[in-house]
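Chemist: Feature list, courtesy of TrEMBL:
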| type | residues | note |
| --- | --- | --- |
| TRANSMEM | 64-83 | transmembrane segment |
| TRANSMEM | 95-116 | transmembrane segment |
| TRANSMEM | 166-185 | transmembrane segment |
| TRANSMEM | 192-212 | transmembrane segment |
| TRANSMEM | 224-248 | transmembrane segment |
| TRANSMEM | 269-293 | transmembrane segment |
| TRANSMEM | 313-335 | transmembrane segment |
| TRANSMEM | 390-411 | transmembrane segment |
| COMPBIAS | 442-456 | compositional bias 'Polar residues' |
| REGION | 442-468 | region 'Disordered' |
| TRANSMEM | 497-517 | transmembrane segment |
| TRANSMEM | 523-546 | transmembrane segment |
| TRANSMEM | 553-576 | transmembrane segment |
| DOMAIN | 557-607 | domain 'Cationic amino acid transporter C-terminal' |
| TRANSMEM | 582-602 | transmembrane segment |
| REGION | 634-655 | region 'Disordered' |
| COMPBIAS | 638-655 | compositional bias 'Basic and acidic residues' |
Amino acid sequence: MDFIKRQLSRITRVKTIPEDLHETSLRRCLNTFDITLLGIGHMIGAGIYVLTGTVVREKAGPSAVLSFLFAGTAALLSALCYAEFGARIPKAGSAYSYTYVTIGEIWGFLIGWNIILEHMIGAASVARAWSGAMDAIFNQAIRNGTIEHIGRLSQDNEWISEYPDMVAMGITLIAFLIIGFGAKISVNFNSVFTILNALVLAFIIIIGFTFADPSLWSSSSGHGGFFPFGFSGTLSGAATCFFAYIGFEGIAIASEEARDPEKSIPRATVLSLLTVTTLYLLVTAALTLMIPYYETNTSAAFPFAFDEVGAHWAKYIVAVGTLLGISTSLLGSAFSLPRSVYAMAEDGLLFGFFSFVHSKTQTPIYAVIVFGALSALMALLFEITTLVEFMSIGTLFGYTIVAASIIILRYQPVSKCQFKLRAEETQTEAAEPVDTSVVNVSETTPLSKSDPSTPVKTDKSGLLPKSKSHDDFGRLRQNLREVPILRRFEPGDGVKSAVVLMGLFMVGLMLVVIEGAEYLRTATWWAVLLVIVFSLLIVIFYLVIVAHEKNDAFLTFQIPFVPLIPALSMLINIALMLSLTYLTWLRLVIWITVGLLLYFVYGIHYSRENKKIQGYGPMVEYKGDAALPESTMSGMTEEVKELQPPRKDEGLYQQ
């Protein structure tokens, strides 16, 4: 039993935040404009040029417009959670670091492991799209020539590409080569390509609407109407469309190279998402109004559409824009991937040589080389549709955990919170303003809790001002502290348990709604009952969270309406995850199994947090709540130690 407890404490230990969060081996050289364009470039290339054709033709038809709207709304909720963490923890690990600091090491590792896969697949799938767009310009000459001279890899295979895509592999290697020269050079490339791409998108929207045929959205036209795959197809399309929004995570990853991350990250996140969502809606509408959805070319949707309506001259302009847009998306994935690997290696959870930073370029050069080669290999061998679906589920999994982490963090007690907080605010109990002219501060006046040297002013009635103490954070509200069961939990633990249970019942609710849709339509009693029970349980555990005192005293950006916004984000992300295919879930399980094997063989032993605990020796036996940083421990004086109550195991500390 003791062995199990020790192992559980190891895998759930949280990362200790360094005192200087701005200290880094990387170069802080990016401003808000750079980071905003990085996010926009990452998203518009992948979403518009890679996904639009696939979602329109195979999943949602014209209702892909709504798919992008739903995915954008869900992404905005998730992005706000990322923005809060990104301003507070300006490190390259993004969701990995946020989860590690809040929930624990095993969850942080799993999120980081999925982020690595996400960006590898992102780079590979975008490179395949780049190759497809280039091939469309030359009327499939690249595909036909490769099959003729090299041969096929497979035929009608869902996983393996029809032919080895040498162009996709080559452009992937070039992208990682650019990334290897440093952050500023990479972002300058991205900014130029993004601005040029924005001009092409404006061209697509304006010219596309001139060829619009509104009857293509009508059910009476014989083209399938607006919902040819039903609303479930729209929702399934939204789940796939989430791939288009991973660019905002790239913004969070760039926080370790931002000059002023506390301000730049929240601003860049919101600006890029609003811009990109608007563009998605307009270009998807233009595409589905030009040609019937079932004629859409999944590899090069827009050049093909203009060719079909007779605007052959526009085809080449759009093809060039496609290459520019996909290039920015490729650069975004290539930028984020090695930095995610670097963050995990820096913490000891991946092999240490991946954390090596080149002295001249100030980039994690080995991570760039190794994972750039892996991405290029995936681009060479795998089909784009398979890559996109596999990527979406890892992205959604990460977003769900980050949203849960926000709730847990906001209800942590001060003893477990590693972030600097505002001083406690006091608020007079009297309804009328205090007449400061009659305030009498004497030697008997109570002293302020936040500053013992400063007396607290009392009004003429002698009453002390009311205050919301930092000590209340994570505890039940004053009028609810005798609620059975809940009063037994330590501060913060009740909320953590409620978040986990709320998430599990969200999974149950969405399974019934999605998998049992037919039974709900016919009002089958057991399906309706399950929806009611799961909904009630979700509301109950949400109210349990609200029953505790929330911490709003952080100095950096905070999203409003917590826990409502993170809870909605969790629900939407879970719904989108469950809309993906069983085969996609199987691939995720296989990837996580490989990751867990790596963690228990290597990461758990070489983790920096493990070395810190071993370094303290017997101090690891301390059972208190406070997680003191090493600098604080070393700064203790003999005088402070004498104030501590005697312990039975005092001899341990004298060794």
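Even glycines carry a Cβ here, placed using N, Cα and C.
Map these features onto the structure and tell me what's around them.
Modeler: Packing against the transmembrane segment (95-116) from elsewhere in the chain are residues 10-15, 17, 82, 85, 89, 249, 252, 337, 340-341, 343-344, 347, 349, 371, 394-395, 397-399, 401-402, 404-405, 408-409, 412, 418, 588, 591-592, 595-596, 598-599, 603-604, 607, 609: each is 6 or more residues past its ends and has a CB under 8 Å from a CB in it.
When Cβ-Cβ distances below 8 Å are used as the criterion, the transmembrane segment (166-185) is approached by residues 26-27, 29-30, 123-124, 127-128, 130-131, 134-135, 142, 146, 254, 257, 327, 330-331, 334-335, 338, 358, 361-363, 365, 368-369, 371-373, 375-377, 379-380 of the same chain, each at least six residues removed from its ends.
Residues 36, 39-40, 43-44, 47-48, 52-53, 56-57, 61-62, 64-65, 68-69, 72, 75-76, 79-80, 82-83, 86, 201, 204-205, 208-209, 211-214, 216-217, 223-224, 228, 241, 244-245, 247-248, 251-252, 301-302, 305-306, 308-309 of the same chain lie 6+ residues outside the transmembrane segment (269-293) yet bring a C-beta within less than 8 angstroms of a C-beta in it.
Long-range contacts of the transmembrane segment (313-335) within the same chain: residues 38-39, 41-46, 48-50, 119, 122-123, 126-127, 129-130, 133-134, 136-137, 171-172, 175-176, 178-179, 183, 186-187, 189-190, 193-194, 196-197, 199-201, 203-204, 207, 247, 250, 253-254, 300, 302-304, 306-307, 372, 375, each at least 6 residues beyond the stretch ends and with a Cβ under 8 Å from a Cβ of the stretch.
Remote same-chain partners of the transmembrane segment (390-411), defined as residues 6 or more beyond its termini with a Cβ less than 8 Å from a stretch Cβ, comprise 74, 77-78, 81-82, 84-85, 95, 98-99, 102-103, 107, 111, 114-115, 117-118, 121-122, 125, 239-240, 242-243, 245-246, 249, 417, 473-474, 492, 495-496, 499-500, 503, 545, 548-552, 559, 562-563, 566-567, 569-570, 573-574, 576-577, 580, 584-585, 587-588, 591.
Residues 232, 235, 400, 404, 407-408, 489, 524, 527, 530-531, 534-535, 537-538, 541-542, 544-545, 567, 570-571, 574-575, 578-579 of the same chain lie 6 or more positions beyond the ends of the transmembrane segment (497-517) yet place their CB under 8 Å from a CB of it.
Within its own chain, the transmembrane segment (523-546) is flanked in space by residues 407, 411, 486, 494-495, 498-499, 501-502, 505-506, 508-509, 512-513, 516, 563, 567, 571, which lie at least six positions past its ends and keep a Cβ under 8 Å from the stretch.
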Chemist: May I ask for the residues of the chain that lie six or more residues beyond the transmembrane segment (64-83) and have a Cβ under 8 Å from a Cβ within it?
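Modeler: Same-chain residues near the transmembrane segment (64-83) but 6 or more away: 47, 52, 55-56, 94-95, 98, 234-235, 237-242, 244-245, 248-249, 251-252, 265-266, 269-270, 273, 276-277, 280-281, 284-285, 288, 293, 399, 402-403, 405-406, 557, 559, 565-566, 568-569, 572-573, 576.
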Chemist: In the same chain, who gets a Cβ under 8 Å from the transmembrane segment (224-248) while lying at least 6 residues past its ends?
Modeler: 38-44, 46-48, 50-51, 54-55, 59-64, 66-68, 70-72, 74-75, 78-79, 82, 118-119, 122, 125, 217-218, 269, 272-273, 276, 280, 292-294, 329, 332, 388-389, 391-392, 395-396, 514, 517, 575-577, 579-580
